[in-house]
Amino acid sequence: MARKTDIPPSYYGEPRKFDPNFRGPVHDRGCTDVVCCVIFVIVILGYIALGTVAWIHGDPRKVVYPTDSHGEFCGQQGTANQNKAILFYFNILQCANPAVLINLQCPTTQLCVSKCPDRFATYLDMQYNYRKNKSYWEYYKQFCKPGFDNPTKSVAQVLRDEDCPSMIVPSRPFLQRCFPDFITRNGTLTVANKTNFKDGLGKMRSVIDLRDAANGITSLLDAKEVGMKIFEDYASSWYWILIGLVITMVVSLAFILLLRFTAGVLLWLIIFGVVAVVGYGIWHCYWEFSTLKGKPHVDGDVTISDIGFQTDFRLYLQLSQTWLIFMISLSVIEAAILIILVFLRRRVRIAIALLKEGSRAIGYIMSTLFYPILTFVLLAICIAYWAVTAVFLASSGDAVYKVMSTQDKCIYANITCDPETFSQTNVTKLCPGSQCTFAFYGGESLYHRYILVLQLCNLLVFLWLVNFTMALGQCTLAGAFASYYWALKKPQDIPDCPLFSSFSRAIRYHTGSLAFGSLILAVVQMFRIILEYLDLKLKGAHNAFARFLICCLKCCFWCLEHFIKFMNRNAYIMIAIYGKTFCTSAKDAFFLLMRNVVRVAVLDKVTDFLLFLGKVLISGSVGVLAFFFFTRRIPVIQEEVPSLNYYWVPLLTVIFGSYLIAHGFFNVYAMCVDTLFLCFLVDLEVNTGSAARPFYMSSTLKHILNKKNSKKASKGQTRR
């Protein structure tokens, strides 16, 4: 039996926080939070059922293909429209009607065509020219209703029966729809070099009217052109992008392995390297700013707001204001780094000791570095299933037709109608020009009434599964690293296959606990998404109090989400070690951290800061290398650089991808440090350094904290 002096004083002064006989992760454990586990399994089965029902009722073609006024798909194989993949609007001027914003449908007849018109023409002019040349009708009738072939029918009757459009304008397809072919010449908006045209009803109209009807289409067309150029850049540079990402992976792996031997040197090099890089950036920005200010031909009064958004980012680099903003931002970052280093330099040394211990743990359990691949695969499955289910749910239902009227005061507007019997009703008489047009896909059944609810359920379960996948990874890694810490003789006492053993324990015993914590986080994230949606809807509102309330709620839920993430992470570590329920583990972790709040606030966050510097240094170094490569500033391989429309496309991809890869490697490292940190705190509370209760921490940490084991205990430990 252990002597009284072998037990920490707190054991007799207050209720014991941990088992004094604890010697490492508990292997003889039972299932935790069984009720939540059962609910989680039932929800997964229900989610599979939801996907099956959505697959039965849904039709993705409703999302892929545009739909004409009769609910028929344009371009669908096996139908009369299989060679007509583009949607044509009889009178696109009607698309400026407010009804478009309500129904997301233009109140005019819509027809599937094989190509868009390439000239200005009216039905009246066609009839006049038809007498001389039959080809006018052959061209015009392809934009009329199928089967109509009576060019001599009066214009009034044709327009009344909606057999043909009153006019056609030069158009080009975009998103499988015909929109006017706008071209700006010398600052003037034109269509086929014209600024005015006939509307087929005896009036001259301006191209501006077409622009208002197709509001936003010109910007979308520009976006499409930019998108095509970006796609071309990816197609010609993907090979070099891949090489850059592989370099990042090798550098990240080498960096973590080197930490095992030279953690102190490397981390100080990181710190001074980042300080030097940011300092050089400040100097370079100042030099560019001074140079641009000194050029007499440069207009110093031009600002970023004056030139607006430009796809060519080089225009911004020609403004002195841009470099001034860069210089101020980098100066703030530099000042923050220096302040942290001055006031926390002693804590940095302790953080380095934790990182050294973490590098040793990863060195003994190298398989943990590749666990994020499994997490990535599981997340990809969750995202793919959610997206497919959402598309099938959105495309569920039958075609619903509604009355579309050009008159704002039509009492029948937006009511459901039947296109087969619409002509026999009085609606056309009371609301001249109204039509029974396809609106959307839906239905009156119970299933169709709750499509929105099912979409929300789909989103909630998706968030739950994503958070569960992340929780499983955290608990698995924590169990593996805890088995390292509580091995008295390293590496002899480290169990075989610690990562697989930890994964098996997490799945077999703690699925319910992981699901419980994940559900809490998913609910908070769901509320955040709803608040973002409400904020988007209230942006145009004039109710200042409502916007203020939404802003406060968003801030509160943001803080709550990050707090829950922090607590869940530490709760999963305690679950991996002790095998208790989620609530008990979260409570133990919380009070353990509160009893060591200074260490948590300083050591843990300084460690996170150093790891962040490592990620920035790796991604920044690879980014600089990519910049010199894609801008042809490396003479040796200058000829190998592909021709690009925008060199920043592969450059930003390499930088962002490099950061994600480095983040994946360092996340494992951060989980290792967090686990060792909690084990270290438990070690301090449970053990005294005596022969019966030796400290399990590294000799470096014992030296920093002025702790030591008795000689009898030290004989059983290997030198580290």
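A Cβ is built for glycine as well, from the same backbone N, Cα and C atoms used for every other residue.
Predicted automatically and left uncurated, TrEMBL annotations should be read as such.
TrEMBL assigns the feature transmembrane segment to residues 643-662, out of the candidate ranges 83-102, 563-582, 583-602, 643-662. Of the two recorded stretches, the transmembrane segment (609-631) lies close to the transmembrane segment (265-283), with three or more CB pairs under 8 Å once pairs fewer than 6 apart in sequence are set aside. Here the transmembrane segment (643-662) touches the transmembrane segment (238-258). Their Cβ atoms form 3 or more pairs under 8 Å, with each pair 6 or more residues apart.
Sequence-distant neighbours of the transmembrane segment (509-531) (same chain, 6+ residues past either end, Cβ-Cβ under 8 Å): 29-40, 456, 459-460, 463-468, 470-472, 475, 550, 553-554, 557-558, 560-561, 564-565, 568, 571-572, 575, 579, 581-583, 585-586.
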